[in-house]
Amino acid sequence: MPYYRVVGEVPRKRHVQFRRPDGGLYAEELMGEEGFSSDSSLLYHRHLPTAIVKAEAVEPDEAAVLTPNLPLSPRHFRTQDLPAGGDLVTGRGLIAGNADVRMSYAATEAPSGLYRNSMGDECVYVASGRVTFESTYGAIEAGEGDYVVVPTGTIHRWVPQGRVTAFVIEASGHIRPPKRYLSKYGQFLEHAPYCERDLRTPAEPLTAEGEDVPVLVRTRGGLTRLVYRNHPFDVVGWDGCLYPYAFNINDFEPIVKGIHAPPPVHQTFEGPNFVICSFCPRPLDFHPDAVPIPYNHHNVDSDELMFYAGGDYTARKGSGIDVGSVSLHPAGFTHGPQPGAVEAVLEAVRQGHTRTNELAVMVDTFRPLDLGPAGLSVEDPAYAWTWSR
Ligand SMILES: [Fe+2]
């Protein structure tokens, strides 16, 4: 994140002696992206953050195996039908992915163990329920419509209050606001659909006691369980420009035109070889002759995966897609409004309809998406042929 935050106690200068009440030194840790050449934060631990006492292999996750989208076709996955279970880390059912990004769905009530993803940032979209995100940086209370962006390497856990459902985006690098929304020094510009005030960050340190504490670590090589001598939640203060944050989709201010605007106006984040867009309730396109839903389009360089989070997605009427559904429209297939949807929306406009109440999260990838076992287990095989009418 581009802007500076300070939480808890930090010394007046970086890299100087900073002592605990008992006279011992706090252990300073730099969390930094791109070597020492991008955003970073300095964290001050009561104990050494390097002290591991055990490393255990974790069985490879067979549920993470991907299958090519062959024969090529548009897909509809009903996450509504996936069984609940596990937690927000281990209970993720893989829907689709490639070497750049993986999308999963989870429905659970159980708290997760401590987890560190060392492969990339995660963006967890809370579709329903309430959950506390706890981390070395502190806690964030999250609820329906929140994107929680977790920087690579952040040790954290998820503690739901009741049942939580989430759409999870795991990147192979960093997830950031689009560059075009930012000044050259990183401040959100006036035309951006959200800004710093919309981002919620940990407000105070979060500490916990414990010894021999396991942390599940995801790396490119697989999963490992590292056991730490002391509980990693021992940070008394941190400062810098790298930290987890939450952004609620309802704080995204939609950009509306007289005639239909393409998805880049909905862009919320960018990652390596993918973008994340938010489709939010908004006035319909207002030119007197507007066709206020998408035109048929063939994004020759993109696969387009959409999670229908709420409301009523006008362009998919009659397709069987409902709240909780995920659609995949791959490169190689032209898509657009479902057959009949243009006529239906024009009739609705004639009847006085002026707004859309759709709520959806879209991930456009620049390399083909393969299909995950959880997605395939709840696929609606009739979906492709809803385009044939
Ligand atoms: Fe599309």
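Backbone N, Cα and C define each Cβ position, glycine as well.
Summarising the annotation, TrEMBL assigns domain 'Homogentisate 1,2-dioxygenase N-terminal' to 23-248. The active site, proton acceptor annotation in TrEMBL covers H260. The domain 'Homogentisate 1,2-dioxygenase C-terminal' annotation in TrEMBL covers 273-383. Annotated Fe cation binding site per TrEMBL: H297, D303, H335, in sequence order. Per TrEMBL, homogentisate binding site is recorded for Y313, H335.
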Long-range Cβ list for H335 (Fe cation binding site), cut-off under 8 Å, min separation 6+ in sequence, same chain only, gives P74, N296, H297, H298, E304, H329, W387
Residue counts for the domain 'Homogentisate 1,2-dioxygenase C-terminal' (273-383) under DSSP, helix then strand then coil, are 19 helix, 35 strand, 57 coil
Surrounding the recorded Fe cation site, with Cβ no more than 8 Å from the Cβ centroid of H297, D303, H335 and those residues left out, we find H298, N299, S302, E304, H329, P330, A331, F333, T334
Same chain, |i - j| six or more, Cβ under 8 Å of H260 (active site, proton acceptor); the result in sequence order is D285, A290, V291, P292, I293, P294, Y295
